[in-house]
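Chemist: Below is one structure. I have some questions about it.
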Number of protein chains: 6
Amino acid sequence: MNRFDGRKTDDIRPIKITKDYLIHPEGSVLIEMGNTKVICTVTIDEKVPPFLKGSGQGWITAEYSMLPGSTKGRKFREATKGKLEGRTHEIKRLIGRALRSVVDLNKIGEITLWIDCDVIQADGGTRTASITGAYVALVDALNKLVEKGTLKSIPIKNYVSAISVGIVKDVPILDLCYKEDSNAKVDMNVVMTDKGEFIEIQGTGEESPFNNEELMSLLALAKKGINELIEIQKSVLKIEL
Amino acid sequence: MNRFDGRKTDDIRPIKITKDYLIHPEGSVLIEMGNTKVICTVTIDEKVPPFLKGSGQGWITAEYSMLPGSTKGRKFREATKGKLEGRTHEIKRLIGRALRSVVDLNKIGEITLWIDCDVIQADGGTRTASITGAYVALVDALNKLVEKGTLKSIPIKNYVSAISVGIVKDVPILDLCYKEDSNAKVDMNVVMTDKGEFIEIQGTGEESPFNNEELMSLLALAKKGINELIEIQKSVLKIEL
Amino acid sequence: MNRFDGRKTDDIRPIKITKDYLIHPEGSVLIEMGNTKVICTVTIDEKVPPFLKGSGQGWITAEYSMLPGSTKGRKFREATKGKLEGRTHEIKRLIGRALRSVVDLNKIGEITLWIDCDVIQADGGTRTASITGAYVALVDALNKLVEKGTLKSIPIKNYVSAISVGIVKDVPILDLCYKEDSNAKVDMNVVMTDKGEFIEIQGTGEESPFNNEELMSLLALAKKGINELIEIQKSVLKIEL
Amino acid sequence: MNRFDGRKTDDIRPIKITKDYLIHPEGSVLIEMGNTKVICTVTIDEKVPPFLKGSGQGWITAEYSMLPGSTKGRKFREATKGKLEGRTHEIKRLIGRALRSVVDLNKIGEITLWIDCDVIQADGGTRTASITGAYVALVDALNKLVEKGTLKSIPIKNYVSAISVGIVKDVPILDLCYKEDSNAKVDMNVVMTDKGEFIEIQGTGEESPFNNEELMSLLALAKKGINELIEIQKSVLKIEL
Amino acid sequence: MNRFDGRKTDDIRPIKITKDYLIHPEGSVLIEMGNTKVICTVTIDEKVPPFLKGSGQGWITAEYSMLPGSTKGRKFREATKGKLEGRTHEIKRLIGRALRSVVDLNKIGEITLWIDCDVIQADGGTRTASITGAYVALVDALNKLVEKGTLKSIPIKNYVSAISVGIVKDVPILDLCYKEDSNAKVDMNVVMTDKGEFIEIQGTGEESPFNNEELMSLLALAKKGINELIEIQKSVLKIEL
Amino acid sequence: MNRFDGRKTDDIRPIKITKDYLIHPEGSVLIEMGNTKVICTVTIDEKVPPFLKGSGQGWITAEYSMLPGSTKGRKFREATKGKLEGRTHEIKRLIGRALRSVVDLNKIGEITLWIDCDVIQADGGTRTASITGAYVALVDALNKLVEKGTLKSIPIKNYVSAISVGIVKDVPILDLCYKEDSNAKVDMNVVMTDKGEFIEIQGTGEESPFNNEELMSLLALAKKGINELIEIQKSVLKIEL
């Protein structure tokens, strides 16, 4: 049985990753995943947070936002309200953790890599698209440091992508769009390496609890999707880690 | 091989749940889990958020905080700084989701149940202790509504507890205290029902990714711990759901 | 004598206006003016601010922001800092005034048109590009209301564009890019209709005062640029006002 | 004539001061005064505010908060609202002044002693209980510095306690609980030393002005209560100043 | 022995109260007390706070601020910092309480009287000058309501003034200017009626505690000063209460 | 035809500039322009913003505020709301730019001159009166530095004033009071030197666009008004630049 948009349960949406999307940042990517579109940029700041001063170690921090026009019904601007909502905090922390976990921060020196993920258009899966796109921008920015001679090699061992999975009408499916996401009884985001190892699992039984068997199906779907995403990342980056 | 505090890898710390800890709130509990101590209260507000007005449905929302004296080295007060930190947002959202998922919100009428978890003393596992304790305060508060005749029955079907698991020096262990938590390469929080079903899984490979086998060990440990916690909840509540 | 990028003193940069750039908002445009790129959206909110309730009149309000990756050297995120900077206030008020001045607010009913201008890439002239682009998105959104039968006609009489002019090394020039703008001794933004009438003039002698003759040269340049911009707006909109 | 809870007009409520209530802070106390319960902690910070840098002098600063579940009807959380209410400012300043006035700040070196008073349960007199409890935690923390050899002696000369007095139905009474406080026409807080000298007097004729004779009665009651509180402080601290 | 400015210990500074200082507010006063100058205004708002809606009762609320140029060394602007400092909260609450205590709020209907005290120039005693000046503006505003026929009579029974007293170099003195205030070992503010009754006493032994005898001297000085201030208020208002 | 207050179209209101209005700031002025009254102060801070440290250059920054009692209907206090409104940002930026443009910042050393403009009473033209008054306070403050020997000469070459012009009922008029301002179809503020050169022009066709001829009339009126203001500045300052 096909999904409302014609996809099979284990199909991801069409993906397009545009590298060097902007002229100013050290790394920049537009990732399109179906109708979801996110600009991911990496900017290098020659400072570290206070707790790392003098440590010789670098840092990675992430921020996330949705443009007011990215959603159906205008999304209020957090800058105007004067504070980030809880969901934004949750997502920026997830993106930061995911990318920090694959970079050897001892090898980049005392710099901060700012990851910015700005959702231009939202149709489900914006946080996982952010991670998948930001990873490409990050490798690209580090690669430029290698080309400039600042770094000897890219201090990253694994490819990393992220994808959402969920259970809709009792069927586990891969890469939920917004319409599916709002009807999911279980919702899970998975961040995984090209070795098939987990960096992060966040699963919620929003409407009802889920059992072990369902968990296994979801993780298998996620693995399939992540492998496909990593192939696309490789073809865009053309870099061997 | 035993842990630094004498526990086996699958031992939880000594637990004590004191019901009716305070005189004012509709439900209140002091939960002690080793040195971790959290006051969990439930207060009933005869209003719902705007998006539920007229829906006949109720709401549950949670807040979480740590007292300045709860940690080693004073914890700054978020009220003074004027905003909640990201970690607080993440935890209050987790507690709220976990408790909403087991209550039939259509059966409580248009009221809001405020869950407040205030950490008096922290030694790891404050978010999971908050959920385990708040669940007891919540059932107790709803039971009082039944006794007053406001509700016909407690609109909850499952017992729910939460526990942390992690991998320290390559060994999966249950219920991490702070010292273990800071050395964990993988850190996971699990919220589960008495039927052995998952309400939430949040696992992070903070230092390095983890594989499927490790995931399975961690989930098994979590299940053992949760079963023990639920037995304690039952003995305190003495209520059949 | 030509400018550093080959333009003559009275040349505007290459312009591209892409209509229907996003799927969710009622009107949406990507405007590119050389390297400056701004997403302009119009969203309809079925409410008016308190001071207009019951008046039968509608309202237009604007917000403006720059993505962190839009500038050379990361632009801090105002949402994280918790407040808008003064420059942002100045620009959003300018955009709002400019667009309110051409719409007959008595004819749109009690709705609010939210104008959002988000700068994807900045190279000078972002506030004027915002006005020129937002005008197109606004007419398009109102036109859809006409097509749906909500409005009888588009309640706008004039085409409106905006452009920057300035004096660099004693020479008045049109449409300054960032490099020129930072060296300008006089900086002026002009908003004008297709009838050649002014909606707004904001001129500052940042480095030194300017005399009447210089003012006249700048206004003449602005008029030339505005006429060219309005031709492009007309060709994109294909609507007779 | 007795009060509604059986006390005479010059009776204080049952007092219990538990020292070493928490494991992390340098000093910590749970003070219970009837149903009012406050956790008072003292944490040492090896820095001083900018205006004291290089002065050789230390500082004492206080913060005060009420847990959401401490009051009848949930107390909103100031951290969520993003700012302290006026009453909180007033109380934290009072606690800070009272404790600074008895410590010789020139003798503690350039450190800051953070006093935190968190009300677990409120039934009137929380600000005075905070001062009485925090004094004990403060002496205890300084005594530990003496035992460690950091200080030669405790730089405090006087015992200090605080109590509320007020006029209810024209009768001056000592140590008002919440019910009495809300009906008081005059409300006064007194901070006093074991020598019978005043550190602070704050009296308000909330409902009607009070005359000199009434003032004298209130101060006499306060003195009696303070003497009793100081006896309890002495028996808990077992330290000669 | 005279004070540095030639005054005796029980002298107040030269006072000038200018009524109808501004054209817009319902009541407005410039009070000058030596070099201390405060603009006090009263504005009528035809609403009450939520907790009074439908009660038939009115409300009085006060705000206080110091102009940046009012002090030696620029006073930072609280509006720019985004929050009121604790001292401001303390003072605005004091002013509000003092004025509410003399007005029969049941007789003014459901309106809010906004008291604004803005310090133009500060030289000690700004909070007491604010109360003394605002009282005049308040009576004047209420008198205008009587003249308009909105009120039958001014719902105030007592004249009210406020003054500071303190102990400097062991001598109790009246009406401290800034130089004296910074050297006071005891500092007290007294609000009193023309009947010699207290509305508020706030005394602090900032540098050292004070005994009962000292308290009595200070209260006697305050009474003398208040009587003189009330005579001036009467001569300016020319209204019998 | 005369205006409602008897003025001709090219009359400014009666002006009074009182120098040395306050005792603490380095420069202070009360400017009265009809019923509009603004206190302008200049305070010297021996620091510069971070971007100028080590540059040898000084800085000028301005702040603007309206007292709550300055307007018809109480103006809310921005400090209480916790943020500046957009209009305030716009005005403080305008004042800062205008004054920076006439001072040779390289000649004052690394200090910051804080300009504070606080509107005591508002009746239109508060931003232009602020500039005109602050200019006098600024020259006076710099002159004191010359007298003290800190500066060799006043680093200012031009006199500067500001005035509003506008079109009301199709007639261009000079120096609009509030009543005229609220009925203006075009509103313009002009800052100009004694050489007749422009420092800033801000013109808005709030109700309808304006043509070139109207612009010329407005600028001519502004020039006349500015000349008169500069004469008054000269007579108050008695300083040759």
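Don't overthink the numbers, they just go from 1 along the chain as shown.
Quick reminder: no glycine exception, Cβ is built from N, Cα and C everywhere.
Here's the feature list from TrEMBL:
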type	residues	note
DOMAIN	A:12-141	domain 'Exoribonuclease phosphorolytic'
BINDING	A:Arg87, A:Gly125, A:Thr126, A:Arg127	phosphate binding site
DOMAIN	A:158-225	domain 'Exoribonuclease phosphorolytic'
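A description of the local structural setting of each listed feature is requested, covering burial, neighbours and distances.
Modeler: Residue counts for the domain 'Exoribonuclease phosphorolytic' (A:12-141) by DSSP state, with H, G and I taken as helix and E and B as strand, are 44 helix, 41 strand, 45 coil.
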Chemist: 10 Å Cβ neighbour count around A:Arg127 (phosphate binding site)?
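Modeler: Counting Cβ neighbours of A:Arg127 (phosphate binding site) within 10 Å gives 23.
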Chemist: Any idea of the Cα spread of the phosphate site, A:Arg87, A:Gly125, A:Thr126, A:Arg127, as a max distance in Å?
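Modeler: Taking every pair of listed residues, the largest Cα separation comes to 13 Å.
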Chemist: Using Cβ-Cβ distances, find the residues under 8 Å from A:Gly125 (phosphate binding site) that belong to the same chain and are at least 6 apart in sequence, listing them in sequence order.
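Modeler: In sequence order, A:Met33, A:Thr36, A:Ile163, A:Ser164, A:Asp175, A:Leu176, A:Cys177, A:Asp181 meet the Cβ cut-off.
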Chemist: List, in sequence order, the residues of the same chain other than A:Arg87, A:Gly125, A:Thr126, A:Arg127 whose Cβ lies within 8 Å of the centroid of the Cβ atoms of the recorded phosphate site.
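Modeler: Near the phosphate site, beyond A:Arg87, A:Gly125, A:Thr126, A:Arg127, sit A:Tyr64, A:Ile91, A:Val119, A:Ala122, A:Gly124, A:Thr128, A:Ala129, A:Ser130.
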Chemist: DSSP-wise, what's the residue breakdown of the domain 'Exoribonuclease phosphorolytic' (A:158-225) into helix, strand and coil?
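Modeler: DSSP composition of the domain 'Exoribonuclease phosphorolytic' (A:158-225): 18 helix, 31 strand, 19 coil.
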Chemist: What is the total of other Cβ atoms whose distance to the Cβ of A:Thr126 (phosphate binding site) is within 10 Å?
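Modeler: Its Cβ has 24 other Cβ atoms within 10 Å.
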Chemist: Let's check the environment of A:Arg87 (phosphate binding site): how many other CB atoms sit within 10 Å of its CB?
Modeler: 13
